[in-house]
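Listed in TrEMBL for this protein:
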BINDING   THR68, ASP69, ASP70, ASP310, ASP312, SER313  Mg(2+) binding site
Amino acid sequence: MKNKNVFLRDKVRGAFLGVAIGDAMGMPVETMTAEEIGRLPGGGVDRYLPALQRNPKSIRRFEAGQTTDDWQLTAAIARSLISCSGYDFQDTVEEQVRELKISTAGWGKSTKRSLIEIKKFVDSNGTRGRNPVLPVDFSVTNHLDGGGCGNGVAMKIAPIGLMIALRPWVIRGSLLDIVVEQGQVTHADLRASIAAYAMAWLVCSLVREKIESTERRKLFMKWHRLFRAVHAAEVMFRGSFFQDAEMFSARLDTVKYEFASDCSLGMLVQCIGGTSCYCLESVPFAISVFFRHPTDFRAGIFEAVNAGGDTDSNASMAGALIGANVGMTAIPEDMLHLPFEADPVIALADKFFDALT
C-alpha cells in the first residue's frame, strides 16, 4: 500500500506541475502564430521567458515563470476539493469567484463574464446576477462564432479527473455529471463541457497506470476508449446541443491515434483546424500532443507551445496529461527551478492527495 501511495502521489504531483509548467511556458507567446514563434532567437520557446506578445494586454508585463488563468483556476478547484474532502458544487464556484479579486489576467470572456454575474448574485443576496445552479443563457453567446465554446472548462478540469481516480469507489459515471455541472457555470455551449470531459476522463484513466511510448497497442486502445466515452456522453445529452453544431467527437475522429502519432506537427494542426482557444481545436490538439509524447514531458510541452495559438492553455492541458502518465519524477529538473516556483504547486498537490486518500 505504501508503494502504491508513493506512485499515486507522484502522479498527482506530475499532473499539477504539468498544468502550471505548461501555463508558464506558453504564457510568453500566447496568441502568436507558429511562424512568429519560430522567428524568435533560437527558433522558438525552449525555456521560461517573460511575456513577448502584446495581446492580451492583461499579461503583457508578466515575468518569466509566471502562470495565468490555467493554473489559477485549476488551483481554485483543487483547493475546493481539499477543503471539502471531495466535490461540493457550490464551494467550487465560490473558490473561482474569489479569484476575481486576485486577478483576471488572461481570463477568457465566457469565464470572466459568467463569474462576475455569479458574484453579483452572491453579493446582492440573489436579487441581481445569475444563480450558479442555472446554466449560462444561450442568448448571451453566439456559438457560430465560437462564443461559449472555448477551452475554459477543459483547462481547469484536471483536479476533477484526479479526484475520481483517487476515489475509485465513486461511480465513474458521475465524472460526466460533475464536469457538465462545472461547464454550465461559465460556458453556454455544451461542447465545451464535452471537451472538458474528454480531458478529465483521460487524466483519470492515466493516473493508475503508466503507458510507455513504445506500447503503441495500449495507446491505440486508450485513444479509442476515449473516443467511445466522449461519443457516449454526446448521445446522453442529445438534444442539448446547438442545432447543426459540429460534435467534439467528430473533430476528434478526424485525427485518430494512428495519424496523430505519426504525422508532422504541421499536418496535425491542419487536420484539427488550428490551435486556438476554440475547444474543438484546442482540446483535440492537446490530447494529440499527449499521444505523440506520452512519456516525454519536455518534448510535449514545447511542441504545444511552439505550435502557436492558445499556447498556455494547450501546453497546460498537454502537460496535465503527460504529467499524470509519468509523474513528477519524470519531469526534467531544469523545468522545476526558478524562475518557475515548483514548491507551492507540489505542496498543493500533496494537500490534494492527502485530503482525497
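Using the three backbone atoms N, Cα and C, a Cβ is placed for every residue, glycine included.
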Using CB atoms and a 10 A radius, I'd like the single residue among the binding-site residues THR68, SER313 with the highest neighbour count.
SER313
If you draw a 10 Å sphere on the Cβ of ASP70 (Mg(2+) binding site), how many other Cβ atoms land inside?
31
Excluding near sequence neighbours, so keeping only residues 6 or more apart in the same chain, what lies with its CB under 8 A of ASP69 (Mg(2+) binding site)?
THR104, ALA105, GLY106, TRP107, GLY108, THR111, GLY152, MET155, LYS156
Using Cβ atoms only, which residues of the same chain lie under 8 Å from ASP310 (Mg(2+) binding site) while being at least 6 residues apart in sequence?
GLY26, GLU30, THR31, ASN151, THR275, SER276, CYS277, SER282
Other C-beta atoms that fall within 10 angstroms of the C-beta of ASP312 (Mg(2+) binding site):
29
